[in-house]
């Protein structure tokens with residue numbers, strides 16, 4: 001059952017404060033609205049209240065059905081295209097040139113732009129960001145020749161660019177947001193029915209699930225929130241896979257950070273996890289390289305794979321692999337966030353890689369691409385491993401994506417080093433070892449060895465995704481150690497309403513530990529509850 005209610009500004013006699021925003025909130029304000037999905041739970045024995053409870057799974061299935069988009073956009077190039085043309089630097093505009101090149105070479109977005117679908121229905125093409133991007137992509141991919149240079153449209157750049165160095169990731173998020181708003185405006189002009197999605201949401205949008213579990217009664221509450229990009233802490237990670245795994249580790253809420261349990265009626269020790277629930281078609285991974293305090297850059301090497309399996313990091317990692325292929329890498333070359341130079345490497349529709357450095361477009365190979373100090377990584381989901389956007393044979397893709405294969409391969413190599421026998425063909429183990437070393441593999445695709453896949457009764461693969469702009473955190477804020485202020489009832493399933501659009505790109509603490517917001521809605525085992533009722537359960 002889907003419940004849609006509207007709460008007044010004040011409920012339960014309390015004027016509830018607003019929490020800081022997450023950096024993708026503005027984008028999702030009109031996309032999702034405020035929703036809560038749950039069913040009326042019978043009074044359950046505390047011992048039976050767990051993530052594996054059948055009643056809870058029924059509701060989660062409903063949540064998945066409601067949150068999953070039904071977009072029709074292809075994930076691969078409908079017709080192979082060569083690289084786009086170079087872009088003119090109009091004065092400290094390398095950051096926006098790099099971001100625009102990555103968007104231009106995003107397969108599902110480029111195919112939608114080349115279809116001219118938006119401009120055919122747009123009633124206000126003057127000043128429309130979506131029309132401007134459509135014209136930009138069409139000119140770059142279809143009507144240019146080798147060596148051509150374009151000047152980005154002022155419609156795309158003027159609202160953001162002030163002829164000074166800016167953050168490419170911020171411009172990327174700003175551009176996606178304005179394109180989304182343009183799509184919604186077109187729909188409003190032709191149909192008064194509320195529209196809650198757009199091609200931008202369908203391509204880039206995903207959802208993550210937060211879970212808080214009382215360690216005393218085992219009662220569990222779930223919160224769902226949208227994300228547009230996935231920032232990764234790389235301060236101690238050697239690879240993107242390790243950073244994904246590290247951010248999904250369970251966090252204990254103890255002492256002042258303890259969680260108020262609605263069943264125990266007091267603050268109790270709890271565990272908290274945050275991981276991907278609905279995977280996006282296009283995955284943006286942002287490596288947190290810049291200090292929020294000084295702007296200084298963490299210029300360390302972090303490896304990343306050409307092919308990434310996201311399945312181990314899902315909230316429910318079942319079924320086969322969920323493969324993604326790298327198609328763009330945005331790079332910052334410099335010492336601080338307000339200096340240096342931006343460029344990118346992109347994979348064209350015909351499968352070849354190119355370095356896009358303002359006006360210069362040069363051929364490069366995947367080896368050099370994987371050696372860059374990446375800032376933003378762009379992956380597209382692969383539903384068909386034989387698509388042109390993947391250069392590797394299907395069998396090799398399965399090998400690269402399967403962590404179990406990588407572990408077995410490593411063990412075989414160790415055994416061969418200790419063996420001096422020959423096989424039936426007379427080939428010595430030493431020769432076989434040399435031959436094996438020539439095989440291309442993605443070492444960073446391995447699951448970290450220290451990970452216990454079945455620890456404390458929790459499923460493996462939990463990824464903590466904090467959609468937050470790293471350059472706008474409040475000083476001293478620690479996302480993994482925020483004070484618990486929210487009293488979630490047991491077995492609650494909450495879908496957060498996006499916050500105010502006023503602070504795009506501001507800090508994003510873990511929302512399940514923040515006060516309730518006007519408009520958030522919830523249905524629990526005790527029935528429908530308002531934010532005021534939640535806060536009056538004895539936790540204040």
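Placement of Cβ uses the backbone N, Cα and C atoms for every residue, glycine included.
Annotation comment: Swiss-Prot describes 94 as active site, nucleophile, evidence class sequence analysis. Among the features that Swiss-Prot reports, active site, proton acceptor is placed at 341, with the record citing sequence analysis. Taken from Swiss-Prot, the feature compositional bias 'Basic and acidic residues' applies to 431-441, 508-520. Residues annotated as compositional bias 'Polar residues' in Swiss-Prot: 523-540. For 85-382, the entry in Swiss-Prot reads domain 'USP'. Positions annotated as region 'Disordered' by Swiss-Prot: 1-22, 431-461, 499-540.
Model confidence over the domain 'USP' (85-382) stands at 90, taken as the mean pLDDT rounded to a whole number. Long-range Cβ proximity for residue 94 (active site, nucleophile), meaning a same-chain Cβ under 8 A and a gap of 6 or more residues, is found for 341, 342, 343, 358.
The residue listed as 'active site, proton acceptor' counts 16 other C-beta atoms within 10 Å of its own C-beta, drawing on all protein chains shown.
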